[in-house]
């Protein structure tokens, strides 16, 4: 038996993800999206081996660090790959599948982890990197990457594989070539800040990541079991986690259906408003509870707030920041900008993970929820004023909007 800090288990994942993001963006531009994705199976397998054969906390921490590296890299490459292979009409739906599969994976761990030993769970998880390698052998390289490397014939074959044998590949290839010609070639870090269009794309991506983490999603999930209990529920905490996981999967799936119909902005705006309202209600509930007010007849209120919050997050700020990160950036800066956005996101995960307990002690549960609620008010204003609608638009049209040439 060995002992380790739960907060550091989460923190090491975030540190690893930060370290894995930038190399992934570089590799994706050098060897392609396909082979970068395949290469990530190795750190995933190493991490699960470290966890499975751990004989002390150090090996568990190392396993979490290595799996963090692979996770951060996946967060860069997967949205990039999807945004480049999806037809414009379904780009949003396929982009939301990144978050959907994250929630499916989390639900898998909740369910299996509730009924098996963690070593058995780790062995089962180690199967998926092997399946990744097998699946990626079948999938072609990104057409955008192939055109970038001068392999137009291969790009046409890849497009027919992704879009079907009757796809108008010549038109699609011309659009890809035009987007690449409009870009500045090999991107440098300075291009992200000196070019106004690139700067807008990067800042919007970064701020969407900021608001995703400062929505208070981790605070709400942390309080799920106590809130269920305060509502009079006798459910086991593991079952509470499974219920939350099911809600996330179902509503993220709903988001993938709605995103190309309703648009990105409306789903982000509903997310800001509803999550902010739920956080304020939760803060009031815990304030009353701390003041020894009898809230026994209000147990349904925080329960409804948590469920509504998770529904709203899963429809908007869960999947959309990842998807728009791939949509907003021009082809030449996509790898670099995506890497920076992912590094920023995981830096925020680390900060929230390590400071959440301190916030509770210093501010109290009520002010902790109000703190995140205040950020959702700021978020609503920002999304309404600054975030463009990208539904149904080509990369060239998105770049024109960011450049102020609507």
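Here the Cβ of each residue, glycine as well, is placed from N, Cα and C on the backbone.
Where the annotation comes from TrEMBL, it is an automatic prediction and has not been curated.
Positions annotated as domain 'Major facilitator superfamily (MFS) profile' by TrEMBL: 1-391.
According to TrEMBL, the transmembrane segment annotation covers 6-28 (among others).
Beyond its flanks by at least six residues, the transmembrane segment (40-59) meets 2-4, 20, 24, 65-67, 69-70, 73-74, 77, 119, 122-123, 125-126, 128-130, 132-133 of its own chain at Cβ-Cβ distances under 8 Å. For 40-59 (among others), the entry in TrEMBL reads transmembrane segment.
Look at TrEMBL and you will find 65-82 (among others) tagged as transmembrane segment.
Residues or ranges marked as transmembrane segment by TrEMBL: 94-112 (among others).
Per TrEMBL, transmembrane segment is recorded for 118-139 (among others).
Only residues 6 or more beyond the boundaries of the transmembrane segment (201-223), in the same chain, are considered here, and those with a CB under 8 A from a CB of the stretch are 192-193, 244, 268, 271-272, 275, 278-279, 282, 306, 309-310, 313, 317-318, 320-321, 324-325, 328-330, 333, 337-338, 340-342, 344-345, 348-349, 352-353, 356, 365, 368-369, 371-373, 375-376, 378-379, 382-383, 386-388, 402. Annotation source TrEMBL lists transmembrane segment at 201-223 (among others).
Under 8 Å from some Cβ of the transmembrane segment (235-259) lie the Cβ atoms of residues 92-97, 99-100, 103-104, 106-107, 110-111, 113-114, 221, 224-225, 228, 267, 307, 310-311, 314-316, 318-320, 323, 391, all in the same chain and six or more residues away from its ends. Sequence annotations record features per position, and here TrEMBL assigns transmembrane segment to 235-259 (among others).
Among the features that TrEMBL reports, transmembrane segment is placed at 266-286 (among others).
Feature annotation from TrEMBL assigns transmembrane segment to 298-323 (among others).
As annotated by TrEMBL, transmembrane segment applies to 335-355 (among others). Residues 7, 10-11, 13-15, 17-18, 21-22, 24-26, 28-29, 68, 72, 75-76, 79-80, 187, 189, 192, 198, 201-202, 205-206, 209-210, 212-214, 218, 321, 325-326, 329 of the same chain, all 6+ positions outside the transmembrane segment (335-355), place their C-beta atoms under 8 angstroms from a C-beta of that stretch.
Positions annotated as transmembrane segment by TrEMBL: 367-385 (among others). Nonlocal intrachain contacts for the transmembrane segment (367-385), taken as residues 6+ away from its ends with a CB within less than 8 angstroms of a stretch CB, comprise 207, 211, 214-216, 219, 265, 268-269, 272-273, 275-277, 279-280, 282-283, 286, 356, 359-360.
Nonlocal intrachain contacts for the transmembrane segment (94-112), taken as residues 6+ away from its ends with a CB within less than 8 angstroms of a stretch CB, comprise 78-79, 82-83, 85-86, 120-121, 124-125, 238, 241-242, 244-246, 248-249, 252-253, 255-256, 259, 314, 318-320, 322-324, 326-327.
When Cβ-Cβ distances below 8 Å are used as the criterion, the transmembrane segment (298-323) is approached by residues 75, 79, 82-83, 91-92, 95-96, 98-100, 103, 205, 208-209, 211-212, 215, 217, 220-221, 223-224, 227-228, 230-233, 244, 247-248, 250-252, 254-256, 258-259, 264, 267-272, 274-275, 278-279, 281-282, 285, 288, 345 of the same chain, each at least six residues removed from its ends.
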